[in-house]
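Comments concern the structure below.
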Amino acid sequence: MKLSLPALRNTPWFKATSGQWRYALRNTIAMCLALTFAYYLNLDEPYWAMTSAAVVSFPTVGGVISKSLGRIAGSLLGATAALIIAGHTLNEPWLFLFSMAAWIGFCTWACAHFTNNAAYAFQLSGYTAAIIAFPMVNIVEITQLWDIAQARVCEVIVGILCGGMMMMILPSTSDGTALLTAFKNMHARLLEHASLLWQPETTDAIRSAHEGVIGQILTMNLLRIQAFWSHYRFRRQNALLNALLHQQLRLTSVISSLRRMLLNWPTPPENSREVIEQLLAELAKPRADSYTVAQIIAPLRPQDEQDYRHLAFWQRLRYFCQLYLRSSRQLYLIESGAPVDQIHIRRTPGLARHTDNAEAIWSGVRTFCTLTVIGAWSIGAQWESGPGALTLAAISCVLYSIVATPFKSLSLLMRTLVLLSLFSFVVKFGLMVQITDLWQFLLFLFPLFVTMQLLKLQMPKLAGLWGQLIVFMGSFIAVTNPPVYDFADFLNDNTAKIVGVAISWLAFAILRPGSDAVKSRRHIRALRRDFVDQLSRHPSHNESEFESLTYHHVSQLSNSQDALARRWLLRWGVVLLNCSHVVWQLRAWESRSDPLSRVRDICISLLRDVMSERGVQQRPLAVTLQELQRICDTLAHHHQPAAHELAAIIWRLHCSLSQLEQAPAQGTLAPGYLMTPQA
């Protein structure tokens, strides 16, 4: 039977692009080299080297370097912890179990407090300790502790070195190119986002678009970290890239602020929409300049000095144009490789983030309880394969405690383990028993891994499954030195691994992570607490830090299915962020008129009275809004131009707070979920 040409073209090998072939060959060769080197170094379980090479198979240089550093640090820390715990408690099974469960629970708690490399290092330290320590319960000689620990660390390092070497031989696309492309795409998308938000209607598409823009900007921080590790140029420009991220977040805030003003402006100019479209079209041009932009927005300049609404919109629109043009210029200089000294940009710290400490503690407790239950069962039943169940349970609890959908991830892992159990049985007892040399086995592995890598790239919906099959295949085939073919041990070990994941799934079902509604309430409470701090004389965060912290809170529920929780978290974030910008502008606003300064202080005190960590209280929101409106109308008739500017700023505060009038009535939400208790 002959294969037709269309059928051949549909195979993964013929469908693959050159980039996909490069990725598949690089990772496959790295895994085969890692297995070969570990085997000839006489490491007793060389398949861990192959697994390590698979784990660090990132598509970019910076990703490989950053993940490798985190993996080495985590492996060394985990091996040290395993040696200390096992060395002192191995003769006392219960003390050993509680100590290991406590350490892995601590690592689960700690990884929730960090991001990127640090979080990955704590994850590795947790389940590396499990991989090393739990199999030690079956050893007789205490001197074997060091041999096992150094063998596991050596296998990890061999896999990392092979992955790094293949990345140098078959490099992928530049991290810097990917970062700059993402910056430019986001810069252009902000104009599209402005055109969408500056429309009078309110739809779910607008909310989703706003969440999407926030999430994409925060995701670029990961690209910045990868670029930092890939090239010295981006290490020198790291502070500038941080500043660009903050500027894009500020542009998002200004777009939202202008939207609030347009929605609360009773009589905007008739030509405002036409002028805005012309402005956005001009800003989209690569050579846009300040003079042309000024000519376009000139028709929107307020003619009536007492029209504080028009003045507020005009000032904020000018600020948006200035900030966008400045960002365009700075992005062009960074892309063209200009020296750092020539790029005039304010250096800012990295993006701020918040840790849900209650959820982190709960995850640590869940890990401790899961391992304790499995360990108690193993000790009581004298289950020889108990270490395998403990190891897989530790990996599951540590890895999936910080994912958004742990049940989906654990179900996928269960599916992976069942498929690998069947496949490894055929490979081990049908093929490997007939192989006498390693090179013969590599001839089988090489095309297999290449095909799986290509399928992972060509089937995005099943990429997670193919990735787990590649990573866990080594531990199921278990290429040991020397090889061992014992069907009873094979069956018991695979059963133990599946049981360990199943009990982890059960633990997540019993000790469930907080619901999205609960998480939303905690994030909103933290937002209000940080905003109250912003009203103090010496706030803990400056304007940019509070802005990035707020957007980090909002992004935490971007994948939530609870639309109400997600909507109110976004609404509170936008309201408090717009209010904080007004507060910082009021602080910077100065006038020689003492009465005007007192008016400014009154507005800040109104915010202190109306906002607390528990919500809007002490003064009804409607009364506060009426007071702000009265102040604006009074200042509009003042003879000093500074009073008109102050009225414009206060009206922006009124527009921001008015969004909280849409809070649901008490009793329509779950207990404790009321956003504005006295609205």
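Using N, Cα and C of the backbone, Cβ positions are placed for all residues, glycine too.
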Transmembrane segment per Swiss-Prot - which of 72-90, 642-660: 72-90
Feature contact check the transmembrane segment (94-113) with the transmembrane segment (462-481), CB under 8 Å, 3 or more pairs: no
Touch test for the transmembrane segment (46-65) and the transmembrane segment (157-179), at least 3 Cβ pairs under 8 Å: yes
Long-range neighbours of the transmembrane segment (362-381), counting only residues six or more past its ends (CB under 8 A): 93-94, 97-98, 100-102, 104-106, 108-109, 112, 126, 387, 389-390, 393-394, 397-398, 401-402, 500, 503-504, 507-508, 511, 513-514
Closest-packing stretch to the transmembrane segment (496-515), where packing means Cβ pairs under 8 Å, from 72-90, 120-142, 157-179, 385-404, 411-433: 385-404
The transmembrane segment (385-404) vs the transmembrane segment (120-142): 3 or more CB pairs under 8 Å: yes
Other parts of the chain folded back onto the transmembrane segment (120-142), taken as Cβ under 8 Å at six or more residues beyond its ends: 48, 67, 70-71, 73-75, 77-79, 81-83, 85-87, 90, 93, 96, 100, 103-104, 106-108, 110-111, 114, 148-149, 152, 156, 367, 384, 386-388, 390-391, 394-395, 398-399
Surrounding residues of the transmembrane segment (23-41) on its own chain - C-beta under 8 Å, 6+ positions past either end: 16, 47-50, 52-54, 57, 59, 154-155, 158-159, 162-163, 165-167, 169-170, 172, 438, 442, 445-446, 449-450, 453-454, 457, 474, 479, 481
